[in-house]
Amino acid sequence: MAPTGRLLAVAALSFLCLQGPWGDSGSAFAQSQPPLHRTVRAEANDGGGLMPELPPSGLMPMPELSPSGSPTPFVPFLAPAPLAPFFNNSTPKLSGKCTLNFTAVDKLMTTTAVDCFTSFAPFLANVICCPQLQATLTILIGQSSKQTGSLALDPTVANYCLSDVQELLLSQGASDNLHSLCSVHLSNVTEGSCPVSTVDAFESAVDSSKLLEACRKIDSVNECCSQTCQNAINEAAQKISSKDAGLTSYTGSPKTDSCRNVVLRWLSSRLDPRSAKEMLRQISNCNVNGVCPLSFPDTSKVAKECGGTMTNSTACCKAMLTYVAHLQKQSFITNLQALNCASFLGAKLQKMNVSMNVYSSCQITLKDFSLQVGSQESGCLLPSMPSDASFDSTSGISFTCDLNDNIAAPWPSSMQAPSSSCNKSVNIPERPAATSAQSGEKI
C-alpha cells in the first residue's frame, strides 16, 4: 500500500500525576487528525475512559468484548507516583569493579533506557527493548576492548557489569526487570565456550577486513534475505570455534553461538556506536521478523463454531473475535510478525477441520494480532525495520506504529507452504513514513 494510503500514529504517552498508581480521574487518548498522520496521546481528564484500570497485582486485564464482539482497544499504561519526575534522578549505585567504558556509549544507554521504559518494556520487549539492550551490551564490550584488548568479560567482573548496566538504565527510567524480561545471562557478556576471546587472537584467525567490509554498510532492505553480513559473521564464528583443535561446530551450536557473540563484539569495536547499533539491530530484526512471538490459547471453541460444514457465521465470527481478543493483550508486534502469526493460526485451525477462510468472513486484519491503540482504531503494528521509542519532556514516551494499513490477514493455502518475508504475496511496508512528532537524535 502506498504511503498516502496509510494513516500513521505515534503513541505518545504523557505520564500523568494521579493520586496513587491509578487515580480516580479517567484518562484517554485525545486524537489530533492531520491529513495523513495521527498522534495518539495520553492526556489527563479528557474523559474518554479508555485506559484500563490495573488490578492490585499489576497484571493487564483481559480486553472486554463489546456487544458487536469487537475487543475494546487499549494501550498499556501506568502512571508514576504523584509529581514524580519522568526519570529517576538518583545517582546509580555502581560497583566500581566493572571495566566497561560507559562514557563512550552514554547516548546509547539513554536510548536503551527509553526503549525499555518501565511501563512499556513488557509490551515492546520482543521488537524494541530486548534487541536494543542486547546491542548495548555487545557495543559496550566492543568499545571497551580498545583499551582492554579483550572481547569478553571475566565471569566475576561480568556480574558486576550486568548489575551496573541495570543500575544505569534504572536511573533513567528503565524497567528493573530487564535481565529476566530479556533473558540476559553471563553468556551474553563472557566468552562462553568460544576458545577465542582477545582482539589479537581474533584478528590472527579471521579475515577481519573481509568481515568488516561485509557488515560495515548493511543493506537494510535486503540483508534478511541476502544475509551478506550474517553469512560473514557465521563464517568467522565457525572459524574461531575450531581454534582449540576441536571439530568446527555447526551453526546454532552453543559453541558457535558463543563465538558469534565474540564476532559481533569485534565488529562493534571497529564501528562507531551509532553504526554498530544500526548493524546489530538490523541483524536482530531478521530473526525478530521471522517468527510469531505470541502465545496461542486453545482453539477448540473456534474450531467447534467454524469447522466442518459451518452454517452459523455469526457464532463463528463471535468465537473468532473472542479468540483474537486473547492475542491482543500480549504485545506490540511488527507487520511481518503479524503475517507469521496469521499464517500460524490459520494453519492451526485448518488442522482442526476449519476449511473456510474465517479471516475474510470475520474481517480479521493483520492489525488484529497486535495490542490495541486509540478509541476508533485496531492494532498498532510496529514497522518491520528497527525502530526506537523516543522521549520528549512534553509528550513523554512515543513510538511509531501503523494504524491504517488495513491489510487482510492472509488465509494459508493448503496447496502452498507459508510464504516467507523474502517471497511474500502480501505487500507490507517495511517502515511507516516519519511523522512530524518524531524528533530528536536517535542513537
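In case you wondered, yes, glycine gets a Cβ from its N, Cα and C as well.
Within the set 384-413, 414-443, the record from TrEMBL flags 414-443 under the feature region 'Disordered'.
Checking the ranges 42-67, 224-249, 276-301 against TrEMBL, the region 'Disordered' annotation falls on 42-67. Taken through DSSP, the domain 'At1g61900-like C-terminal' (291-363) splits into 43 helix, 1 strand, 29 coil.
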